[in-house]
Each structure stands twice: as structure tokens, then as C-alpha cells.
Amino acid sequence: MNEITIIKPDDWHLHFRDQDMLLETVAATARCFERAVVMPNLVPPVTTAELALSYKERILAARPAGSTFMPVMTIYLTDKTSVQDIQDAKKAGVLAAKMYPAGATTNSDSGVNSLESLYPVFEALADNGMLLLIHGEVTQKHIDIFDREKEFIDQHMVNIVDRVPNLKVVFEHITTKDAVDFVLAARDGVAATITPQHLLLNRNDMLDGGVRPHNYCLPVLKRSTHQQALREVVKSGSPKFFLGTDSAPHAKHRKESDCGCAGCYSAWSALELYTQVFDELGALDKLEGFASLYGADFYGLPRNTEKVTLVRESWEVPNSITLPNGEPIVPFFAGKQISWKLK
């Protein structure tokens, strides 16, 4: 097969950032995705309906001329989030709330310290038909960074899913066989997003033969056995797993430093890279479900009607992109060949 046409996909997890960065990031995503779930970890974070609506307006203003792209807005849970905050968010059209354990990733310092205190908020999300999106890692310093996803499942995820049985939960950017197995065995209303980097790479690609900061993300890349579990589950076509790039831009100097930031800026190549993975797996027939159907169905949103076509054609991801402020950013897979291209 040298050409594949699918329903236009959506990205169910990404980071746009803010201000002039939006002129770069929104265009990159809008080129091939109709909708995207926008993470709220700005500085300060998007914690209220009012802040979410303001952020949405800034995103819409950054769309390329003629674009029909629509952001799906979220709010950021903190220890101070109230049931009223959830009700206000629902009225404002916000579809989901994102839970970051405090300190788990970029701009998560305002995140949750006392998860137990948030159960009334989780109940309010369920009562209002909103989703809970979870960065599923513990943050205790004594727990090895490669084990933090599994520990979160054992310490928290099982309880959340069991104690609020009518709450829709998305286990974001899963990276381990443990997470795959958990989601497969979980009740209805539990799903997961998977990034291109966790399908394409393992920790050797970040650490073997030199440190590659542009492959550094959180949750961190894991060993190859976990990568293979992710690849196998997307190959299976399970509707519990769908596309979420976690595209996360940082200027080059913030990645290439003595304390580099976590995140892969994949928006310019993500759809093509997912296609390459499904091609490698002999499962191109499963791409449309993963990219275009399962996420919309899980969120209770209509499937897109427009279509996109990808062709088997090699191209090279640029080594650098210039941001609107003049600074360079290194895109994910920079300087490498991709075997599929958006038509």
C-alpha cells in the first residue's frame, strides 16, 4: 500500500504553550488535526473556566487563515480546586480536568499534593459528564524514575477507577506494559493515550552512545519490553487506546542545557510517524481507529467528516525551526527520514 486515506484525526493530548509560541504550535497541529485537547500547565496554570476561555481565544486567534481547527479546553486541578470550579468549567464548555501530581513534569509545581482530598472533585467531574485526565506518575524522590508509572497505578489509579465508577478516566501518555495491562483489564470508561516517541523509541535511544536531550520527555522513555507492549496494543486495534502526541515545545537552548526541559515537539511529524509505526507493524488498517475514531468516541464527540491522505514518500524532518521570537527549536525526529507524508 502506497497511499492511505483516513478520517481526519484529532490529537487528544498536547501542549501549545502561550503568547507568540502559539503562532508556531497552533499552525503545526492544525495542518492535520481537526481538534486537540490542550493541556493547562501554563504559568500561571489554567485553573478556572475564565482562564480556560481566555486561553481558548488566544489559541483561536493564532489559527492560520481559513483553519477550522478547534481546541478542546481543560482545567488544571490543584489542592484548592472546588466542586464549584468544576460546575463553572462545565458551563463554559470545558470537557476535562487534568491532574498532575505536584512536580511530575513541566510547570506542574501547582499540581496535586493531596490526592485523597480531591475525591469530591472527581465525583463532580463524573456528575457533570467531564473527563479526568491523569499524568500517572508518583513523585516521591526515593522512587526510581523508571518505576513511577507502575507505582502510580498501584498507589492511586486503581482506587480512582474503583471509587468513582462512573468517571471517565484517561491515563495519559502511557509508557509501560503495566499501564497497558491495567487499561486492558479496567472497567469501561478507562482509556489511554500513546505518544509517537514511546512507540518509536526506548531509553537506549536517549542514553546509548551519548545523551540525546531532544528524546527526553516525561514520562521518561522506558526499556524496549515496554515499548513493544505499546506497539502490540496499538496493533491489536483496542478502542481503549488512542492518539495523543504530548507534543511539547521548548526552545533549543532550554533542551540543550545542564538541566534540560522534558518534552518532544512532534506536531510537524506526529501523524506521519504514527503511520510509519502502523506500517512497520503491518497494521495500517488499524491507524484510522487509533488516530480518528476511538478518541472522539471516548470523549462523546462526533467523529470528523473530512478526510486526509498520506502517501508513501520519504522526507527529512528539518534540523531546526525558527520560532516567532527568533529562537530556534529542534523538532522531534530532526534530521531523520520519515517514510510517509501528508498529501
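Cβ coordinates come from backbone N, Cα and C, glycine included.
Same-site candidate for Zn(2+) 2 binding, as annotated by Swiss-Prot with His135, His173, chosen from Lys98, Lys141, Lys150: Lys98. Asp246 is the only one of Asp246, Asp258, Asp279, Asp285 that Swiss-Prot places in the Zn(2+) 1 site (with His13, His15, Lys98). Among Ala229, Ala262, Ala267, the residue that Swiss-Prot places alongside His15, Phe16, Arg17, Asn41, His135, Leu218, His250 at the substrate binding site is Ala262. Each of Leu14, Val37, Val38, Met39, Asn41, Leu133, Glu172, His173, Gly244, Ala248 belongs to the same chain as His13, His15, Lys98, Asp246, is absent from that list, and has a C-beta within 8 angstroms of the C-beta centroid marking the Zn(2+) 1 site. Lys98 (Zn(2+) 1 binding site) has Asn41, His135 nearby among the binding-site residues Phe16, Arg17, Asn41, His135, Ala262, counting only those with a Cα within 10 angstroms of its own Cα. In this structure the alpha carbons, written CA, of His135 (substrate binding site) and His15 (Zn(2+) 1 binding site) are 13 Å apart. Here substrate is bound by His15, Phe16, Arg17, Asn41, His135, Leu218, His250, Ala262 per the record. The longest Cα to Cα distance in that group is 19 Å. Phe16 (substrate binding site) counts 24 other C-beta atoms within 10 Å of its own C-beta, drawing on all protein chains shown. Taking the Cα atom of each, Phe16 (substrate binding site) and Asp246 (Zn(2+) 1 binding site) are about 10 angstrom apart.
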